[in-house]
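What Swiss-Prot records for Cys50-Cys65, Cys57-Cys68, Cys64-Cys73 is disulfide bond, and it gives similarity to another entry as the kind of evidence. Marked as pyrrolidone carboxylic acid by Swiss-Prot on the basis of similarity to another entry: Gln49. Residues or ranges marked as signal peptide in Swiss-Prot: 1-22.
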Amino acid sequence: MKLTCVLIVAVLFLTACQLIAADDSRDLKRFSRRKMRDGMLNTKNTKRQCLPPLSLCTMDDDECCDDCILFLCLVTS
């Protein structure tokens, strides 16, 4: 019985540690992979082909120059 209680407490403690140490995905929009790459490639000679607004995209699609929300490429101003 004591061993079971110790195991339950240990699992709860480790779960709490994982939740505390997990990355916060709310800041993903501020530091997205696309924006970081654009900052590194920001030269006058670099041209990107962008998808038009309201075209289908995926969440990791780099052809959507603006935001990809619900599989649609949206223009943010």
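In case you wondered, yes, glycine gets a Cβ from its N, Cα and C as well.
Mapped onto this structure are the features recorded in Swiss-Prot.
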residue : record                      : contacts (Cβ under 8 Å, 6+ apart)
Gln49   : pyrrolidone carboxylic acid : Glu63
Cys50   : disulfide bond              : Glu63, Cys64, Cys65, Asp66
Cys57   : disulfide bond              : Leu51, Glu63, Cys64, Cys68, Phe71, Leu72, Cys73
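Within 10 Å of the C-beta of Cys65 (disulfide bond) there are 15 other C-beta atoms, taking all protein chains into account. Secondary structure at Cys50 (disulfide bond), taken from DSSP and collapsed to helix, strand or coil, is coil. Remark: of the disulfide-bonded residues Cys64, Cys73, the most isolated position is Cys73 (fewest other Cβ atoms within 10 Å of its Cβ).
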